[in-house]
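**Student:** So TrEMBL has the following annotated:
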| type | residues | note |
| --- | --- | --- |
| SIGNAL | 1-25 | signal peptide |
| ACT_SITE | Glu129 | active site, proton donor |
| ACT_SITE | Asp269 | active site |
| ACT_SITE | Glu362 | active site, proton donor |
| ACT_SITE | Glu383 | active site |
| BINDING | Thr473 | Ca(2+) binding site |
| COMPBIAS | 596-607 | compositional bias 'Polar residues' |
| REGION | 596-620 | region 'Disordered' |
Amino acid sequence: MEKTWNQRCLPMLLLLAILSADTNHNNIIFLRQTAADGVTPEEATHLRDEVREMFYHAFNGYMEHAFPLDELKPLSCGGEDSLGGYALTLIDSLDMLALLGDRERFTSSVDWIGKNLRFDINKTVSVFETTIRVLGGLLSAHLIASDYATGMRIPSYDNQLFDLAEDLARRMLPAFDTPTGIPFGSVNLLYGVDEQESRITSTAGGGTLTLEFGMLSRLTNDPIFEQVTKNAVRGLWARRSKLNLVGAHINVFTGEWTQKDAGIGTSIDSFYEYLLKAYLLFGDEEYLFIFQEAYAAAMHYLYNDPWYVEVNMDSAAIVWPLFNSLQAFWPGLQVLAGDIDPAIRTHAAFFSVWKRYGFTPEGFNLATLTVQQGQKSYPLRPELIESTYWLYKATRDPRYLDVGRDMVVSLQYGARCPCGYCHIVDVEFHNKEDHMESFFLAETVKYLWLLFDLASGPDNLVENGPYKYIFSTEGHLLPATPQISLIREHCSYLGAYCKGGSIEQESRKSDISIHPQENNVSALSGSWVHSSYPSDSSFLKSTTTSGLMKGLCPGLTHGQKYGISYVDATSTVQEDHSTHQRENVADSHSLLVVSQQSADNSLSNNKNNDHDMNVQESSE
């Protein structure tokens, strides 16, 4: 169906309106250098050092005034328990200390946690938040502290963090005991799931556990952790609509959607993120197949170039013309998927909201071009900064350094408090709230520091370390070590899925087809390298059976565990029926190119190049 003039032009007119809007209505306006001035390499170095100081201002404030409570109150210089009462901010900060090369504090922090942290406590905690912040933080720090290759190995370290991580994950397993496989939202660490626990959970809450639990399976040789989280993803995806959209909230017992708003933001965002990242980290094609279909549907029904809207998952009728701040991770995910052009346009649109207010509000109404009532705060979220880092890494376009500089200025002059950085209650007036989430240290300053370190000539674990890293949704560093990510192997660890066999998995395919496309981000230095992926029917068929846990595979050899050697595929007993297929799909961790087109002509129309404004014009 041909697009109307309104469908083609209104989104870009919206962007122009925001960029040209009068911003003097009680806003704090920050002076900045023009984009023409640009960020020089010398200034990038200064900005990197300034961000380092920002981290230590907040980290030292936490250690001096809040530790061992969970989080800092940066205005009053106090502390509060917000999750489980186990030094949350310290755990969330561990891999940032390692990234900065701070051996002394990294060592002392790991030592304290190993000696003092216990999870046999009568606390009811969020499964989602505990997984991404605590479990992910412990696993990331363990893999750094135990490995000579990282340059941050602690000689006295004896797997204390790993033991804690396994204990914590086992205490969360009762949450997965549901008819659908989708976990409860909360679990008591001592007694399991309370009888009165709500049966409603979010899609993100149930579908954003695969990286941390999957990594634990590979480190423990116990498949249970990966099994339960993959079953949760399958439980959600099996209940998708005929449009391949998922809703925001679901009943974990009946499988009925209690909120059918589909989007890429609140309550759904990281479901998409972990589909792609689970494939990149584990090489499991089942996640790739689901991501391909889910991504194509999102671009078809949710994308209103350059914005994204929320629609009814069954009818695709627009229910919410809103930009919410959690959507801002999406351009970064698109970089990993190789879909750069829409990522650039969407990032420019999202950043125009930041420029208008100095921060991004939780909600910005695209119909009224105003901050959404009740969603005026900025809780120091990292998502737009994360996407800025990824776009700079992919394009090396200096405009993203200008964006990062603006963000540093906003945080320094608008959010800095005596002992840390404060939530902004209202982005129009920049009123401060006495709270600092742990993710400010785990993500917000981490991505800013990585951005400017990359521009300065990178000297850090991510860019120059021994492994490629996937960032969890909490910004934790998850390395693609041979033990975790043996995608060339047919059998990677005890209990893993072995290629071959006759197990078939029913999978409903949408009408959306995936076509090969040349990778347009081959210059993405130090990241996943792959130029295309196959689209033949045999490949799509293979994705429907990949990743099933089905039996006992040989354990890792010493050489495999430490990356010295690989199993010869020709000698593997359970050989896949098409070795050539596997080489095409997973010869290396791949930077995927997800097709911007569909067999459905309307998706092609949605991707039409009917906007005449280039990126530079839309970002100024």
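Glycine residues also receive a Cβ, built from the backbone N, Cα and C atoms like all the rest.
Set these features in their place in the structure for me.
**Tutor:** Within the same chain, residues at least 6 positions away in sequence whose Cβ sits under 8 Å from that of Glu362 (active site, proton donor) are Asn324, Ser325, Gln372, Gln375, Lys376, Ser377, Tyr378, Pro379.
If you draw a 10 Å sphere around the CB of Thr473 (Ca(2+) binding site), it holds 25 other CB atoms from the protein chains shown.
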**Student:** Find the shortest Cα-Cα separation between Glu129 (active site, proton donor) and the recorded positions Asp269, Glu383, Thr473, and name the residue that gives it.
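**Tutor:** Checking each of Asp269, Glu383, Thr473 against Glu129 (active site, proton donor), the shortest Cα distance is to Thr473.
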**Student:** Could you tell me the C-alpha distance between Thr473 (Ca(2+) binding site) and Glu383 (active site) in angstrom, no decimals?
**Tutor:** 9
**Student:** Out of Glu129, Glu383, which of the active-site residues is least crowded by other Cβ atoms within 10 Å?
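**Tutor:** If we count Cβ atoms within 10 Å for the active-site residues Glu129, Glu383, the smallest count is at Glu129.
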**Student:** In angstrom units, rounded to an integer, how far apart are the Cα atoms of Glu383 (active site) and Asp269 (active site)?
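**Tutor:** Asp269 (active site) has its Cα 11 Å from the Cα of Glu383 (active site).
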**Student:** For Asp269 (active site), what residues in its own chain, 6 or more apart in sequence, show a Cβ-Cβ distance under 8 Å?
**Tutor:** Ala204, Leu326, Gln327, Phe329, Trp330
